[in-house]
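Peer 1: I am attaching a structure below and will ask some questions about it afterwards.
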Amino acid sequence: MGGLEEDLLRVGAIKFGDFVLTSGKRSTYYVDIKEAATDPSVLRKIASEFSGMIRSSKIAGMELGAVPLIVATALQMSIPYIIVRKERSHGTMSLLVGKFEKGEEIDVIEDVVTTGNSVLKAVNTLRENGAVVKRAYCVVDREEGGSDLLKENGIDLHPIIRISQVKGFRK
């Protein structure tokens, strides 16, 4: 795990400083896994980590951040994947790309978990369409309540890295 942590710091996927998050909240660090996903060797390591953790024969993730992660992991595991889209106002209006059977178990992958709301949205979309979702995986858990929210909704969160494990981290 130390190798991946070092890679995330090296490529600038984890930065320390003064940042304003999407929520408007200030933070002393910023995590952007999309930055890491553009580096083939780092993406390969992330996919390898997920491949050792995933227990279902199909995975899913929310566009945009999770897409390179689910594609790389699906290729490594030779399993199909589902992309969960954000709101659609054109085309077929479908929120899901990919197929699965009602009652099929699907694991969800996310890049970064903070509050857990993004993962929960993906999980709820999948469940509303008949999937069984019990587990979610992320590259980095910011440890800001996301795991608790997911647990309350029947989802076990399995992070590759918890932010408190990262060298240089301080709240």
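Each residue, glycine too, has its Cβ placed from N, Cα and C.
Pulled from Swiss-Prot, these are the listed features:
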type: BINDING; residues: Arg85, Lys86, Arg88, His90, Glu110, Asp111, Val112, Val113, Thr114, Thr115, Gly116, Asn117, Ser118; note: 5-phospho-alpha-D-ribose 1-diphosphate binding site
type: BINDING; residues: Thr114, Arg142; note: orotate binding site
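I would like each feature placed in context: is it buried or exposed, what are its neighbours, and how far apart are things?
Peer 2: Of all the Cβ atoms in the protein chains shown, 22 others lie within 10 Å of the Cβ of Ser118 (5-phospho-alpha-D-ribose 1-diphosphate binding site).
Secondary structure at Arg142 (orotate binding site), taken from DSSP and collapsed to helix, strand or coil, is coil.
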Peer 1: Within 10 Å of the Cβ of Thr114 (5-phospho-alpha-D-ribose 1-diphosphate binding site), how many other Cβ atoms are there?
Peer 2: 23
Peer 1: If one looks at the chain holding Arg142 (orotate binding site), which residues at least 6 apart in sequence have a CB under 8 angstroms from its CB?
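Peer 2: Listed in sequence order, they are Val31, Val112, Val113, Thr114, Ile163.
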